[in-house]
Amino acid sequence: MVGREKELSIHFVPGDCRLVEEEVNIPNRRVLITGATGLLGRAVYKEFQQNNWHAVGCGFRRARPKFEQVNLLDSNAVHHIIYDFQPHVIVHCAAERRPDVVENHPDAASQLNVDASGNLAKEAAAIGAFLIYISSDYVFDGTNPPYREEDIPNPLNLYGKTKLEGEKAVLENNLGAAVLRIPVLYGEVERLEESAVTIMFDKVQFSNKSANMDHWQQRFPTHVKDVATVCRQLAEKRMLDPSIKGTFHWSGNEQMTKYEMACAIADAFNLPSSHLRPITDSPVVGAQRPRNAQLDCSRLETLGIGQRTPFRIGIKESLWPFLIDKRWRQTVFH
């Protein structure tokens, strides 16, 4: 069953152009996505919208005109959008996700990653909405992988600590919420700097200059569209089964260091990789990282939830507009 509302569209006919008011179908399943302007949020919004959900996204600095502008630190603004829209599901993607930024701005990061998350969980519980809180593999110390949902977290850096505190705030304020821990993400970026994976592309392309690449930390690069699919499938199963709640893990299954990712990127585009230099020492600059925080995803797999895009395919789809001789296409496709 769907609702209906009016929408204006432009109709072109030979010799004429007119503005026409038409009725459009509005799906009755409603989802609110925070951080909808970000890499993951955009994918989550698109996934729900394309699968018969009425999706509303909210952001802050980059919100207009596509999304609602909401300051998640403003409890009144959060209350109003949730009560006005009455979502069945809320996917909370908004976060400060850069470990080094969190170390340098701990109070601001804690407000967004912890305080805002707890308040959102409280508001979701008040209207009976299912909240999916996006967390991180960085809640683990990386010494004993793979990690199951019930394993005891031990974050090494402040980012991981704020995400863990955010998990606690969510589950304390909303017993029916879900926590979804995920690893490093990539996908259709607007800028290469939007992902720790895609940011390597310039170093790969500029083969006339050697580049040091980390070959110590083991990562599991995961496409945002796969995480978005997991969020939708989890939401749809929850609408049929209220026992679906608690903590879940999702991750790609290809283990790679940044050096190995860079070499795979070079291979995908038939570019040289001899200028890339593997560095096997533990990084000494920036926030401490877990060496291998591999996530065990069997709980979601048992529910029949999940999909995985092979890295070579996903990274080629994501990066081809950023080839040096194709960057003009960004104005068209991004």
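From the backbone N, Cα and C atoms, a Cβ is placed for every residue, glycine too.
DSSP assigns R97 (NADP(+) binding site) to coil in the three-state reduction, outside any helix or strand. On its own chain, R97 (NADP(+) binding site) has S136, Y159 as residues at least 6 apart in sequence with a Cβ closer than 8 Å to its own Cβ. The feature NADP(+) binding site is assigned by Swiss-Prot to T37, G38, L39, L40, F60, R61, R62, N71, L72, C93, R97, Y159, L185.
The phosphothreonine feature in Swiss-Prot is assigned to T309; the stated evidence is similarity to another entry. T309 (phosphothreonine) falls outside any helix or strand according to DSSP and counts as coil.
Per Swiss-Prot, the feature region 'Required for interaction with MAT2A' maps to 319-334.
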Alpha-carbon distance [T309 (phosphothreonine); L72 (NADP(+) binding site)] in Å: 32
Other CB atoms within 10 A, centred on T309 (phosphothreonine): 20
List of residues, in chain order, with Cβ under 8 A from that of L185 (NADP(+) binding site) and at least 6 apart: L39, L40, S195, V197, P221, T222, H223, V224, V227
Secondary structure of L39 (NADP(+) binding site) (DSSP, helix/strand/coil): helix
Pairwise CA distance, R62 (NADP(+) binding site) versus T309 (phosphothreonine), rounded so that it is a whole Å: 28
Residue with minimal Cβ packing [other Cβ atoms within 10 Å] among the binding-site residues T37, L39, F60, R62, L72: R62
Separation of alpha carbons, F60 (NADP(+) binding site) and T309 (phosphothreonine) (Å): 30
